[in-house]
Amino acid sequence: MTARDLIPIAVLTILAALLPLVVTSSPVLNFLVFMLIVALGAQGWNILGGFGGQFSFGHAAFFGTGAYATAILQLHYGVNAWAGLVLATVAGGVVGWVIGFLSFRSGLRGSYFALVTLAFAEVFRILANAASFTGGAAGLLIKLDVRAANLQFDDRAVFYWLVLAFVAAVLLLTRWIQRSRFGAQLVAVRENEDAAKALGVDSLKVKLRAIALSGAVTALSGCLYAQYFLYIDANIAYGSWISVELLLAPIIGGVGTVFGPVVGALTLHGLGEIAKQFAGRIPGIDLIVFGGVLVLAVAFARGGILGLLERLRDRGRGMVTRGPKEVSHAGR
Amino acid sequence: MLAVEGVSKRFGGLMAVDSATLSLQPGGIIGLIGPNGAGKTTLFSMISGFIAPTDGRIRFEGTDITAEEPHRRAERGIGRTFQIVQPFAGLTVCENIAVGAYLRHAKRADAIAKAREVARRVGLGAELDRPAGGLTVAGRKRLELARALATEPKLLLLDEVLAGLNPSEIRDIIPVIRGIRDEGVTILMIEHVMQAVMNLCERVYVLAQGRMIAEGPPAVVCADTRVIEAYLGHGAAARLKAEGAAHG
């Protein structure tokens, strides 16, 4: 990685880190933390779905595993919350690898893979809803004990910085993937699996690595969710709402790009919040906005917001250097 | 270096390849010709590991590789191109070739350098940063060749890299293929463009209806009665000879 790869990540992280110095209202910080948690989970989805082209409809399986793992470890086994965070992340990676092993080994691709992941998430949701050690339908309540050692903070801003640090770390991870052999092979598998195999790419191994990484990152976001709200149940942790959130954000922001998931999460939740402010009476207005944005993105911005910006930039550059005649050609 | 021993492939009731045998010594360009549907591409897919043979064995440098995955065979040094070109359409030409180069170069800088070098060799030096999806047919064929070459193969399987090219494009690419051979890469090529086969190949194998019917230098094989009949139908050889006698 070169300085040019790192500078945008550093600048954005620093700017985002300064935000709590300006904004101190609790609802706004709440919104920002939640938005960043979604962005983090979406970054996980993007590693597998964006770079690897394996569209999962069931990333709730990983989100929920992260959330339940940390909650159960703390409640039943007295594990420290920070250790719980690490173990939850590892658990997400393991669950990812297992689901990947079962589905990729049998050659599932495309919509079949999507359906299988959806099924896994649903099975987990039903099991978590029924088993006693997951608290059944009543869910799990992490004990309120505000100490840094317990990963609970007096000041919401501290939690915001913590989540932001993880988002920044995953931005770096994603940038590394983009610049590494692993990333090149992963993208090759997405574009054409047979051609990749002929060039010596072990496509099964590459996909397994991707889903394990993806599961770990999304589990981390689930763990942070549990730690922030201190309550989870099966419909929150393993619910299909989170699967949809996690794939919507990268699709809106830009699939297979480093910043796509963050941009998408910010856009969706930002617009959703604004809509709520203006039409607070109408329940579900933010979801209507989500739907509208998705339709717009699919119709006008294939490649998401970042893809759209890039095309506009290329078009602008084309005007300057090549003259307008070739622009339409280049813009295809 | 490569030994195909009595390899067969059955698709349901169709015997696509019927106990074909073929053996290559290191070095040189060997052709694999035959009428459409003879099973040439199926045989290639079995050598490169994309299709498992129903019967028979394939050895590469003395090792039995019949059951190995395609990527393992690429690691051993078997490179292939696809008859129907398979570019990574969303990537640039350079990134496409780099995927192949990563096989032997773990570092990005090395892989990119290798990709650039290969691109220049096959005449794609000027297109490095273009999206692969925007290449012409001739460009895509070159890209297939470049990607396979970037894996630094010992044996290169070329599946109709000249098909769809016009005569001047063919003229341009023939020296490239010869150059690859001169560097010590063994080439096995499926080809319909007979001018190129005559020009390039030291030896050809002829496959018809799944069976290996002839083998030898191109000039000899083309005069072979069985080969002429495989292409033109039963009795064609005799008719040609009679016509030749009448004109002569």
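Just so it is clear, glycine is given a Cβ too, placed from its N, Cα and C backbone atoms.
Because TrEMBL annotations are produced automatically, they should be read as predictions rather than curated entries.
Features of the protein shown, as given by TrEMBL:
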- A:6-24: transmembrane segment (TRANSMEM)
- A:31-51: transmembrane segment (TRANSMEM)
- A:57-75: transmembrane segment (TRANSMEM)
- A:82-104: transmembrane segment (TRANSMEM)
- A:158-177: transmembrane segment (TRANSMEM)
- A:210-232: transmembrane segment (TRANSMEM)
- A:244-267: transmembrane segment (TRANSMEM)
- A:287-309: transmembrane segment (TRANSMEM)
### Query
Which one, A:31-51, A:57-75, A:244-267, has the most C-beta pairs under 8 Å toward the transmembrane segment (A:158-177)?
A:31-51
### Message
Counting only residues 6 or more past its boundaries, what in the same chain has a CB within less than 8 Å of a CB in the transmembrane segment (A:31-51)?
### Response
19, 23, 59, 62-63, 156, 159-160, 163-164, 166-167, 170-171, 174, 177-178, 183, 186-187, 190, 210-211, 213-222, 224-225, 228, 242, 245-250, 253, 255-257, 260-262, 264-266, 269-270, 273
### Message
Using a threshold of three or more Cβ pairs below 8 Å, and leaving out pairs closer than 6 in sequence, do the transmembrane segment (A:82-104) and the transmembrane segment (A:244-267) count as in contact?
### Response
no
### Message
Using a threshold of three or more Cβ pairs below 8 Å, and leaving out pairs closer than 6 in sequence, do the transmembrane segment (A:6-24) and the transmembrane segment (A:57-75) count as in contact?
### Response
no
